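For CYS3-CYS20, CYS13-CYS41, CYS26-CYS30, CYS45-CYS56, CYS57-CYS62, the entry in Swiss-Prot reads disulfide bond.
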Amino acid sequence: RICYIAPYDHKTCAAGENICYLKAWCDAWCSSRGKKLEFGCAATCPTVKPGVDISCCDTDNCNPHPKL
C-alpha cells in the first residue's frame, strides 16, 4: 500500500499495513489555521478520542489533504 504521510509526500507502507488514514482535530489555533492533520499507514483503522475525525481507506494514495 502507498499512503500519504504529508500533503505532497507519500510512502510505501510496511508489510501488514494496508490501511491509509487521515486524522483531523482542532487545537488552540483551529479558528485561524484550521484543523491539524495527521496522515499515515496502519494495520487497522486507528481508534480516536472524541473530537478527532478519522477517515480510513484501502487503496493507494486514498488519504490526500482535504483541500488539495
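Every residue gets a Cβ built from N, Cα and C, even glycine.
Distribution of Swiss-Prot features across the structure.
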{"residue": "CYS3", "record": "disulfide bond", "DSSP class": "strand"}
{"residue": "CYS13", "record": "disulfide bond", "DSSP class": "coil"}
{"residue": "CYS20", "record": "disulfide bond", "DSSP class": "strand"}
{"residue": "CYS26", "record": "disulfide bond", "DSSP class": "coil"}
{"residue": "CYS41", "record": "disulfide bond", "DSSP class": "strand"}
{"residue": "CYS56", "record": "disulfide bond", "DSSP class": "strand"}
{"residue": "CYS62", "record": "disulfide bond", "DSSP class": "coil"}
May I ask for the distance between CYS56 (disulfide bond) and CYS20 (disulfide bond), taken between their Cα atoms and rounded to an integer number of Å?
6
Which number gives the other C-beta atoms within 10 angstroms of the C-beta of CYS13 (disulfide bond), all protein chains shown included?
19
Sparsest-packed of the listed disulfide-bonded residues (CYS30, CYS56, CYS57) - C-beta count within 10 angstroms:
CYS30
Identify, in sequence order, the residues in the chain of CYS62 (disulfide bond) that are 6 or more apart from it along the sequence and have a CB within less than 8 Å of its CB; answer 'none' if there are none.
CYS3, CYS20
Measuring Cα to Cα, how many angstrom lie between CYS30 (disulfide bond) and CYS45 (disulfide bond)?
24
Which disulfide-bonded residues sit within 10 Å of CYS45 (disulfide bond) - Cα, from CYS13, CYS26, CYS57:
CYS57
Calculate the distance in Å between the alpha carbons (Cα) of CYS26 (disulfide bond) and CYS13 (disulfide bond), and round it to a whole number.
27
